[in-house]
Amino acid sequence: MATTKDSEKGGSFSKDPGNRYSISRDRRASSKGNIDTIVAADLLDDRFQQTQRGLKSRHAQMIALGGTIGTGLFVGSGQTLARGGPAFILTCYIVITLSVYCVVTAITEVATYLPVHGGTMSYYGYRYVSRSMGFAMGYLYWYALGILVPYEITAAGLVIQYWDPDASINIAIWITVMIIVIVGLNFMPVRVYGETEFWFAGTKVVLLVGLLFLGFILFWGGGPEQDGILGFAYWVNPGAANTFILEGSTGYFISFWQTMILSVFPFVFAPELLIVTGGEMESPRRNLPKASKRYFYRLVFFYVFGVLVIGVTCRSNDPALTNGGQGAGSSPFVIGIKNAGIPVLDSIVNAVIILSAWSSGNSFLYISSRSLYSLAVSGSAPKVFKTCSKRGVPYYAVGVSSVFTVLAYLNVASSGSKVFNWFVNLVNTAGFISWICCAIVFLRFRKAIKTQGKTVPYSSFVQPWGAWWVLGWFSFLLLINGFATFFPQNWDVADFFTAYISIIIFALLYFGHRIVFRYDKWAWSPSEVDLLTGMDEVEEAERPPPVLDTWWKKVKSILE
């Protein structure tokens, strides 16, 4: 058998004719072992099947974009519009979009260099920063994404009640149906999952394009019950911005920052979802940069123009935004359609919102299970979670991650709804922590690349300054996440606790791991960071780019 270049790292590695990697069992890493041995021992363990590269670039783009277009944008944006007004929500979405672009370019550079199986940002944190960083990030992703699954399932069930306001059919029935479908799809081979999610997400994209086009028509007064051009009338009355807690300029200042915090939720974990697909993507070094670039363009088109449309077609003081009943009744898109007197369309939008919540739950379970799989690959979770089926599905990881879905049943009781909302607040804070950690991982990766004289297949002009912006900006938002509760008239112990508890959880995970592995360095030295293990398989996964010698091949390449 031919010896691979991974053997340069000091282990007895070999590659068999079946293109599998093996490592001698007697070199399992101890807590004092060097990073090369630790990485190789877990990543190249041939006792376990690996996930398979069944995702195309179009799958990855749609999973990242469409998978996160859920109730946060379609319904949750209504609360944000009511809080800040059309000018504030538009400004905040633009700022968050540009900040997320900095996150995307940074983590794409990291993942494109070595898109190994199980390569989540927590894995790269473990590999390029420290085992403690990877451990804390991994469990943060696992529980935060796991909680988002029942959130989306519950939202879909509530939206269904738009047609059944008397709740003649118990919401638990709808929750059960959606859990079965979502969990079932995640047990399918990744290609089936990717294709299903592609069409799920594609449907949402078609809806958003239609809503943007409809917003353009309503802007010019094209609605059945509109008298003349609507334009920016709602920016004048009730106004472009709202106050919050206090009146005057101080109230506008408070409102802006509260709107900024609320605007983050629709974006949370979207960049990381793109990176998770790298380990199961065809030709990842070529397709990941392509997917991230197109993802940003679509983010600007759908998110920024989407909130512009709702600011034009829906009053920020419309009472339906905050007490419009179940599900889509509070969607600013649906409210704008109903106010314009357009029949039937609100039900069509409602149906796609259900599909959107379903799709997002599907994607969040995917990344939650892969986070657990990645923890096992890095040696931070029981090795049984590395077990994959012959078709590359980490079924133990999927099964355990699916347990979070039962939290959806908390919403059957009103008291359960309050408890569940606390879990959702945990996720929002976890998003800030995740992006801060992503910036740290990127900066340490860049330092290792420079120190060892390596080159990267992809880099962006905004880096490394973009990573420093992410580090500072989201650290600031993390600290002010619950600032509204500090005002005496707004003080609430539960709100304060849920706004900051994720910081405590992350600190316990990180420092608890540091205590157990106290002989580890706080961060790997740039000169000893392992930049080679797994490179053979990554290079072999690359395929020559297609020859685009005809116009239809060029069109196909754009679509894929």
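Glycine is no exception: its Cβ is also placed from the backbone N, Cα and C atoms.
Here is what TrEMBL says about this protein:
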REGION    1-28  region 'Disordered'
DOMAIN    59-518  domain 'Amino acid permease/ SLC12A'
TRANSMEM  62-82  transmembrane segment
TRANSMEM  88-114  transmembrane segment
TRANSMEM  140-163  transmembrane segment
TRANSMEM  169-187  transmembrane segment
TRANSMEM  199-220  transmembrane segment
TRANSMEM  252-274  transmembrane segment
TRANSMEM  295-313  transmembrane segment
TRANSMEM  393-410  transmembrane segment
TRANSMEM  422-445  transmembrane segment
TRANSMEM  466-487  transmembrane segment
TRANSMEM  493-511  transmembrane segment
Considering the transmembrane segment (393-410), which listed stretch of 169-187, 252-274, 422-445 counts the most C-beta pairs under 8 Å: 169-187
Contact check, the transmembrane segment (422-445) vs the transmembrane segment (199-220), 3+ Cβ pairs under 8 Å, seq sep 6+: no
Long-range neighbours of the transmembrane segment (169-187), counting only residues six or more past its ends (CB under 8 A): 149, 153-154, 156-158, 160-161, 193, 196, 358, 361-362, 365-366, 369, 393, 395, 398, 402, 405-406, 408-409, 411-412
Candidate ranges 88-114, 252-274, 295-313 - greatest C-beta contact count to the transmembrane segment (140-163) (under 8 angstroms): 252-274
Residue numbers, six or more beyond the limits of the transmembrane segment (493-511), whose CB comes under 8 Å of its CB atoms: 132-133, 135-136, 139-140, 144, 421-422, 425-427, 429-430, 433, 478, 481-482, 484-485
Confidence summary for the domain 'Amino acid permease/ SLC12A' (59-518), mean pLDDT rounded: 82
